[in-house]
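Enquirer: According to Swiss-Prot, the protein has these features:
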- 21, 22, 23, 36, 59, 60, 61, 62, 119, 156: substrate binding site (BINDING)
- 206, 294, 325, 352, 353, 354, 355: ATP binding site (BINDING)
């Protein structure tokens, strides 16, 4: 069933509560990556154009004690948003009370207000994170309609998403709608053939994704640290590479049942240490020396993976191919980025988290159909789970 989106709502003169995802990295009070703010702009600008009065909610980090408040205030976000919108953004350094209510009452059509970090409410019994019903009801009372544009928290049942949805007509923002369309589309209505590329450190993080995608994808390419558990399951020598002993049986079982779909590395860049100065050797993936650790996929594997991607109509990628934070172990991830970017007529999706960070930091931001803003949310969506934040959005 299609979900309501913000453009389905009558917004003129309405106080519109918008749950955005402004959980941005900060260093000394400065925003170091504004991607999440940029992604929220289309929804905010649309509501301004339609004459809505916007009340923005977001969390930022984890507020565990009183001393966390000062460094996790959303004030820098309000300032950045004001510059991007080229208009004043009223910032209220509170999450409830008369001051907030009065500021909302003063809003005119097209005005924008940002409420303080919703997780300030976690100091007193985790009211935000545990979806305290009274808090959700109170926040809902501050507006007329609710727009959820925070895909990054869609897998969480919090007061500021599901709690507010319980009491107000709820629609998806444009970003949330995009995530439902692309990430949800892979799971529910994929354009075949589908190739999934899975990387990152651990098999355990991706088990449920693999279990779900193996029934959807035509091929599953496995790289990154998790590949070594699969190579070990085939009886290959992996040296001191990352290994999850307790996942070898899972890998064996998967290879027995779906070996024709699974593509593993054929060569590996190995070294003795995580360093840009480390001595690197490229060796076949079945004979990694006993004192060496696999750090990245090798050049033959990059070519193999690129060949396997040819002809795909949908590609979904989650997890880097190597320790990309070190430039000498980033070539595998760069090679896969290039191979995906070169595909013609394919829907290409990065499922958030480290692979999204890698693609953006390596300069491939504009070469994919969609780069998800959700880490855990993307993974759980790819597992085939119904996410509470999406479930709470009204159907059309």
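Residue numbering: from 1, along the chain as shown.
Any Cβ shown, glycine's included, is placed from N, Cα and C.
The shown structure was predicted, so the numbers you read here are calculated from the model rather than taken from an experiment.
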Enquirer: Can you give me the Cα-Cα distance between residue 354 (ATP binding site) and residue 23 (substrate binding site) in Å, rounded to a whole number?
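Expert: Pair distance, Cα basis, whole Å: 15 Å.
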Enquirer: Counting Cβ neighbours within 10 Å across all chains shown, tell me which of the binding-site residues 61, 294, 352 comes out on top.
Expert: 294
Enquirer: Round to the nearest Å and give the CA-to-CA distance linking residue 206 (ATP binding site) with residue 23 (substrate binding site).
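Expert: A Cα-Cα distance of 24 Å.
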Enquirer: Whole-number answer please: how many Å between the C-alpha atoms of residue 352 (ATP binding site) and residue 21 (substrate binding site)?
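Expert: So the alpha carbons of residue 352 (ATP binding site) and residue 21 (substrate binding site) sit roughly 14 Å from each other.
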Enquirer: Sort residue 206 (ATP binding site) into helix, strand or coil using the DSSP assignment.
Expert: coil
Enquirer: May I ask which residues of the same chain, at least 6 positions away in sequence, place their Cβ under 8 angstroms from the Cβ of residue 325 (ATP binding site)?
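Expert: In sequence order, no residue meets the Cβ cut-off.
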Enquirer: Long-range same-chain neighbours of residue 119 (substrate binding site), Cβ under 8 Å, sequence gap at least 6?
Expert: 59, 60, 61, 62, 63, 72, 128, 129
Enquirer: What residue among the binding-site residues 23, 355 has the most other CB atoms lying within 10 A of its CB?
Expert: 355
Enquirer: Report the member of 59, 206 (the binding-site residues) whose C-beta atom has the most other C-beta atoms within 10 angstroms.
Expert: 59
Enquirer: Only counting partners 6 or more residues apart, tell me which same-chain residues put their Cβ under 8 Å from the Cβ of residue 353 (ATP binding site).
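Expert: For residue 353 (ATP binding site), the qualifying residues are 200, 318, 319, 375, 376, 378, 379.
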Enquirer: Among 21, 354, all listed as binding-site residues, which has the most CB atoms within 10 Å of its CB?
Expert: 21
